[in-house]
Amino acid sequence: MKYAEFYQRSIVTPEQFWQDEAALIDWNTPFTQVLDYAKPPFARWFVGGHTNLCHNAVDRWCATQGDQPALIAISTETNTERCYSFNELRAEVERWAAMMQSLGVRKGDRVLIYMPMIAEAAFAMLACARIGAVHSVVFGGFAANSLASRIDDAKPVLIVSADAGSRNGKAIPYKPLLDEAIALSSAKPSRVLLVDRGLAPMAMVEGRDVDYAALRAAHLAAHVPVTWLESNEPSYILYTSGTTGKPKGVQRDVGGYAVALAASMKYNFCGKAGETFFATSDIGWVVGHSYIVYGPLIAGMATIMYEGLPICPDPGIWWSIVEKYKVTRMFSAPTAIRVLRKQAPEFMRKYDKSSLKALYLAGEPLDETTSSWIADELNVPIIDNYWQTETGWPILSIAKGIEDTPTRLGSPGLAMYGYKVRLINEINGQECGANEKGVVMVEGPLPPGCMQTVYGDDQRFVDTYWSEHDGKMVYSTFDWGLRDADGYYFILGRTDDVINVAGHRLGTREIEESITSHPNVSEVAVVGVEDKLKGQVAVAFAILKDANAATSEQDVMSVVDRQLGAVARPARVYFVTQLPKTRSGKLLRRSIQAICEGRNPGDLTAIEDPASLQQIQRALRL
Ligand code: AMP
């Protein structure tokens, strides 16, 4: 079929389109209405239908391929490799479900998962899905304050964690951070379930902390049936950064998400039951939710969970996994490929990668050099795909499962089925013409799988993302983009203060708030600056309260490390005595960013004191 036809059908008759796609998953009770959009922008998909993500990801496949691999957890940090068949995965998930129930978790309760990339993290997620608990996975690289703000918002009844993660052979203890986060938070969970990997000592809190191994031993024979959930009940919350310092809890449903993932596995990722999928992301990010845990399993594929660096023990590690497990589809981020490009090519060439049919890259702009290099090395299509935590699956890409449409260098591709993508001129609100820069927006209703709301704050969802254009509610991605005459889109960076470091989304405001908590910092501006390897890095310009007190760049970085995690640490901290602002006191972050990148700082008529810009230049020694 032609993609254009397929896409048109999804836009002109969305209800028929998604009704057909809904047949890709199992329903316990059929839905009575495909879409309820009576209260825009809130879309309710597959109303009245009952299903379950864990059933579709695990139990469903036990009947036909129970002995085949489902979850392959590989750690080059601890030198372990564990492979679970669908039957074994179900047994583990049932044990986890029983353990959670024994700790008081009921349908609708939140369970916060703060875990390294180990199989138990996936068991915990799937167990929540099985019993209708709402998981909230927090990236293991986040530190105490980031974690505490998420605990306060999600109010989990249970936290699942481990003694430590590991990076480059060095244990990174989680438990002290977790204890500090719980101490900081005002919504303390009654129970904490801890997996002891033997990597770091753990001080257990009497009456609160529970040892996983002991509890599991008591539930070895557990059978916990699936709880069937109405399609619009929440499945999970995943926090993401925005313009304010307070992260937003992206809330997703059950049925719409399952259908969207099943459709994307078929049309975008062309995954077949029995094959192996390898996404190199982390379960703390949206790619980990959609394409390490749920998507591949819903398609009946084995999925690989990898803990470790892409270059350890040597830069051939990923390709050795491709060879060993005959990976057919691989998903990674441009930053990782840029890291590999700097290594000697022999490592990559030494393995048989003939099973691989395509490499998908997302999370940040894919530059042409990286794309062409990896395409030559692998000799498979390289498929860029553009999306966000909020959407859960690609907005722009090339759906090779429908038509072998050519890719275009520098472009993530065409609008994906279900997304009525619009480009809107920021100034006059008009639709942009070909090759005209605008804000990438999506006309409501958003397709299945996208966020339902901001957890606990419908108004914030409406106020943050939605605006009205010619009588229609339109969702903003906060990305600039343009579309060429053939419908290919190009993404040109964020419109807000969100930056993208190595494919990780960070809010500059969060980093600023953390830095100003240093007792000797009075004010700070954080901007994202172009970086050859990571896409962008954070750079801070701070004003000290007492310039004579000994405050170093390292002191400021340590505050960020301790509060938010090393992932948010600025690459440089410069000290200045003034920051460029408008006369009304608004920080001119874009001008600072332009100077850092050697560009023209733009229209400076509104600036309060032009000397502040010279200070930035001097700090950078330009
Ligand atoms: P996240 O919510 O962490 O997945 O980050 C989403 C943001 O990452 C988007 O709004 C874009 O700014 C950026 N992004 C994701 N994928 C791509 C891509 N393929 N090309 C360009 N930018 C991307």
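Yeah, the Cβs are placed from backbone N, Cα and C, and that goes for glycine too.
Automatic, uncurated: that is what TrEMBL annotation is.
Record features (TrEMBL):
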type	residues	note
DOMAIN	3-57	domain 'Acetyl-coenzyme A synthetase N-terminal'
DOMAIN	59-445	domain 'AMP-dependent synthetase/ligase'
DOMAIN	510-586	domain 'AMP-binding enzyme C-terminal'
For the domain 'Acetyl-coenzyme A synthetase N-terminal' (3-57), the DSSP helix/strand/coil residue counts are 26 helix, 16 strand, 13 coil
Treating G and I as helix alongside H, and B as strand alongside E, what does DSSP give for the domain 'AMP-binding enzyme C-terminal' (510-586) in helix, strand and coil? 21 helix, 28 strand, 28 coil
What average pLDDT is reported by the model for the domain 'Acetyl-coenzyme A synthetase N-terminal' (3-57)? 98
